[in-house]
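Have a look at the structure below before the remarks.
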Amino acid sequence: MTKTIQPAASHHVGGAPLEDTAGAEMPVIHPADGRVIATLHAATPAVIDRALESARAAQADWAARSGTERGRVLRRAADIMRDRNRALSEIETLDTGKPLQETLVADATSGADALEYFGGLAASLAGQHIPLGGGDWAYTVREPLGVCAGIGAWNYPTQIACWKAAPALACGNAMVFKPSEETPLSALEVAAILTEAGAPPGLFNVVQGAGEVGHALATDPRVAKVSLTGSVPTGRKVYAAAAEGLKHVTMELGGKSPLIVFDDAEIEDAVGGAILGNFYSTGQICSNGTRVFLHRAIRDRFLERLCARLEGVRTGDPLDESVNYGPMISARQLEIVQGYIAKGLEEGARLVTGGRRLQREGFWLEPTVFADVADDMTIAREEIFGPVMSVLDFDDEEEVVARANATAYGLSAGVFTRDMTRAHRVIGRLEAGTCYVNSYNDAPVEMPFGGVKASGVGRENGTAAIEHYSQLKSVYVRMGRVEAPY
Ligand code: NAD
């Protein structure tokens, strides 16, 4: 029997739950069995308006507080999140279908890291003193942008809410966040925790709904910045909508990242990296290394070890902590991924393992590996966003770098080799925003994360995120007289 979770209300606005049943019904489905675990309502224009107004009202006072005070609220929220990690992880598991084994270590904990990190930075945000000729000088002031809109994807709902809220709030902004309509529950928990930690009412609001609600936020003149985590097609639309109002943007979009394994690599580590970069969260991770380029000399050994280790996949109730592999998020996503598997077979890739839907309730798909994949096959070109690994062979470094870069995307890239000179030489030539040497998919909050090319604009995490949630005011100070020509 699936647990149900009925939150106090669909939205969190002005520091409290808010309901408006006039909004379209949004059933929340547990992906492991397809059952409805909650029913929410999409935000009506009235709810969106109230959220934006309360964000605007809260922002000026928040920005006027000292950074130390703002940081204290964020760090308190981080502590509460850690204390409630298990309960939050269970909600995340019910909402996303991701195994509790994963959510216990990768979701609320990662959100708490962001709140703690940016809470710690808040007091040190400052401008610059710039000495100029003749005794004049200038200074810069780092100012908040105002009200920011956050729009999330469904794969890491708690993490995405916190990766956006933490730097935004640290810089003195307020936020209206719209989670993905597939996974609306955990952002409500983040909002309640921030309120409990002392965030003023309206500082962080959550409104539910699909694309139209996101569009309403991206086009509202009260919004100064839009931060989206989503697919490239959505990114194009949201970027264009934000451009109309000349708003700031952060675009965390999709990818088709290369993971390159040279013939001197430590094979077990490379297999481990490829498993994390293709099957963790059932492959629903933007930075996944889904084009696995194997040096021809180690291809067979790698595939043999990969298949042996995939025997360790355990499916079942995702709340059972021994389960390490979950379902796809939705029937629709399952269908999309099955379509790609069919295309792979049709275009002549060799199915090494997997490929089938599991015959049970919910949206389950086997971890799938294709070998003998050619660069021009659909499965090697398009983001699948599911548990499908494409293995491509290569012979030399020059060739693999060129092939790895032959994509419109540029989110991530990984290199496995024991030759450190080669590792850094290759990484230096790969067109990707977030790279890994002898590892894959680590995302510590201290390290900037984001893409180049079609994979995105801006960076989350690290001190780099501060640049994307603040603006500089430059002030010229003349110490002498003003000389004018007339
Ligand atoms: P999606 O693009 O379908 O939706 C993302 C969000 O945008 C949702 O909240 C959706 O409601 C909203 N949206 C849709 N149309 C909109 C519009 N016209 N205006 C405003 N908002 C709109 O993405 P998804 O299916 O939820 O997530 C999967 C995608 O997200 C994949 O492409 C994945 O690579 C990407 N992703 C990227 C990152 C990253 O950090 N780079 C992280 C996770 C996921």
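The backbone N, Cα and C atoms fix where each Cβ goes, glycine too.
No curator has checked TrEMBL annotations; they are predicted automatically.
According to TrEMBL, the protein has these features:
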DOMAIN    23-475  domain 'Aldehyde dehydrogenase'
BINDING   Ile29, Asp95  K(+) 1 binding site
BINDING   Gly152, Ala153, Trp154, Lys178, Pro179, Ser180, Glu181, Gly254, Cys286, Glu383  NAD(+) binding site
ACT_SITE  Lys164  active site, charge relay system
BINDING   Leu246, Lys453, Gly456  K(+) 2 binding site
ACT_SITE  Glu252  active site, proton acceptor
ACT_SITE  Glu252  active site
ACT_SITE  Cys286  active site, nucleophile
MOD_RES   Cys286  cysteine sulfenic acid (-SOH)
ACT_SITE  Glu460  active site, charge relay system
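Within 10 Å (C-alpha to C-alpha) of Gly152 (NAD(+) binding site) lie the following recorded positions from Ile29, Lys164, Leu246, Glu460: Lys164.
On its own chain, Trp154 (NAD(+) binding site) has Thr96, Pro179, Ser180, Glu182, Thr183, Gln284, Ile329 as residues at least 6 apart in sequence with a Cβ closer than 8 Å to its own Cβ. According to DSSP, Glu181 (NAD(+) binding site) is assigned to coil rather than to any helix or strand.
Residue density at Leu246 (K(+) 2 binding site): 7 other Cβ atoms are found within 10 A of its Cβ, drawing on all protein chains shown.
For Glu181 (NAD(+) binding site), the spatially nearest entry among the recorded positions Asp95, Glu252, Lys453 is Asp95, judged by CA separation. Checked against ligand 1, the recorded positions Ile29, Glu252, Glu460 give Glu252 in sequence order as having a Cβ less than 6 Å away from one of its atoms.
Secondary structure from DSSP puts Gly456 (K(+) 2 binding site) in a beta strand. By a simple count of nearby Cβ atoms, those within 10 Å, the most crowded of the recorded positions Lys164, Lys453 is Lys164. For the domain 'Aldehyde dehydrogenase' (23-475), the predicted model reports an average pLDDT of 98. The number of other Cβ atoms within 10 Å of the Cβ belonging to Gly456 (K(+) 2 binding site), over all protein chains shown, comes to 29. Taken residue by residue with DSSP, Asp95 (K(+) 1 binding site) is part of a helix. The separation of Glu460 (active site, charge relay system) from Ile29 (K(+) 1 binding site), Cα to Cα, is 29 Å.
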